Amino acid sequence: MDTLKEKHSEPANIHEFERIAEEKLKASKNSLWSYIIKASGDRQTYDESMRAFKRYFLQPQVLTLREKPSTWTIVLGNPIRIPICISPVAGQASVIEGGDALTGDAAAKAGTLMVFSSSSSMKIEDFGKVVPRGLFWAQTDLYRDKKSILNIVRNAEGLGFKALVITVDTPVEFMASSGKSDIGDEVDTTETNGAPKKDGEKKECKGCGPTDDTPWQPKTCCAKNETFCMATWQDLAWLKSETKLPIVLKGILTAKAARRAVTAGIDGIIVSAHGGRQLDGVPPPLMALPEVVEAVKGSGVEVYMDGGVRSGSDVFKAMALGARAVFVGRPALWALAVNGGEGVRRMLRIFEDEFTSTMAMCGCQQIRDIDSSFVKHESQFRY
Ligand code: FNR
């Protein structure tokens, strides 16, 4: 294991992180690897999330650069050194002990933001103790159990987290169609509260407690209360009345939902398809991004995106299409698997270097220079 770690400790790009993580995890924790790479249905949304970036081409400006580009930007009033942040991801502690804290520390050292997942096996209060410095937002679903939500909110407030991220694309748990991962390994493909399930462990719904092991988990558990674990805009209004923290909705993919979110008084939107792990067939986030940006124009709501971001060039393209910053999910897990916190630090440094050179090569001095004139969709070229 150590030899493998040493041999592979210096991946040169994000794809190498994936390859090495696959090699290491398949050798030691095969079902964890399957959990990380799983996607729902036919994997259309998952596959397209990466491919969407390839359909845009860069349009560099020339002779405009005076000095090294600055990658600093501001999210909800807080400066970050690079517009590449960490999505909320469960399972980090399964990859390596203390995984969430290692990622949080690496993000803080890189000068960027991490979203702490409510499905983490580490408690938010413990995370706050071991990672006292850094910029953090806290993610939660709108669970039926309001006490669970308030516990996260009060801890986030007390720990100085700067926003709440509410995941809205999981009204019910979705199951991969076949129950098999694409590597042919029999795995648990349900995303129970986002966290991987250990052998023999009962699933637990934050609303109803332990449940039967079925694909449509909330239906079974909440059937006791004759309803699914669904949340509505009223639940969001309740949450808003409970806290002064800014609220970011994660999982919006349409102009219609974005306009509704603006009316609800939210502060930010993460255009996201949950990494292709929930409703298969929705558009890849990069394709949905322009219409969401357009829909919230003039409202002051900040728009970010995640899903399929694998290079600095991808980051640049998303920002050209209107994202204020991007988030990455799986790359953080791969980096943890490759080399713990150091791996995450290196992964962020690679993104930073690639993004900075893309800015320079395109002739962008500042983040605010990046706009839609720097990208062209393949359909706009005359062949
Ligand atoms: C996730 N994601 C996720 N989202 C969320 O809101 N709460 C969560 O607990 C989790 N857990 C989780 C676990 C794992 C293993 C993965 C891969 C993803 C979704 C995540 O925040 C993000 O939307 C996607 O991962 C982005 O896509 P990429 O960067 O993985 O392509």
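Here the Cβ of each residue, glycine as well, is placed from N, Cα and C on the backbone.
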(message) For the FMN site that TrEMBL describes with PRO88, VAL89, ALA90, SER117, LYS250, SER272, ASP306, GLY307, GLY308, VAL309, ARG310, GLY329, ARG330, which of these is also annotated: GLN139, GLN234, GLN278?
(response) GLN139
(request) Report, as a single number, how many Cβ atoms besides its own are within 10 Å of the Cβ of HIS274 (active site, proton acceptor). (result) 26
(message) Based on the record's binding annotation for glyoxylate (TYR35, THR167, HIS274, ARG277), what whole-number value in Å is the widest Cα to Cα distance?
(response) 19
(request) Compute the C-alpha separation of HIS274 (active site, proton acceptor) from VAL309 (FMN binding site), stating it in Å without decimals. (result) 13
(message) So among PRO88, ALA90, GLN139, SER272, GLY329, all listed as binding-site residues, which is physically nearest to TYR35 (glyoxylate binding site)? Use the C-alpha atoms.
(response) ALA90
(request) Could you measure the widest C-alpha to C-alpha distance across PRO88, VAL89, ALA90, SER117, GLN139, LYS250, SER272, ASP306, GLY307, GLY308, VAL309, ARG310, GLY329, ARG330, the residues recorded as binding FMN, and give it to a whole number of angstrom? (result) 22
(request) Go through ALA90, VAL309, our binding-site residues, and report the one whose Cβ sees the most other Cβ atoms within 10 Å. (result) VAL309
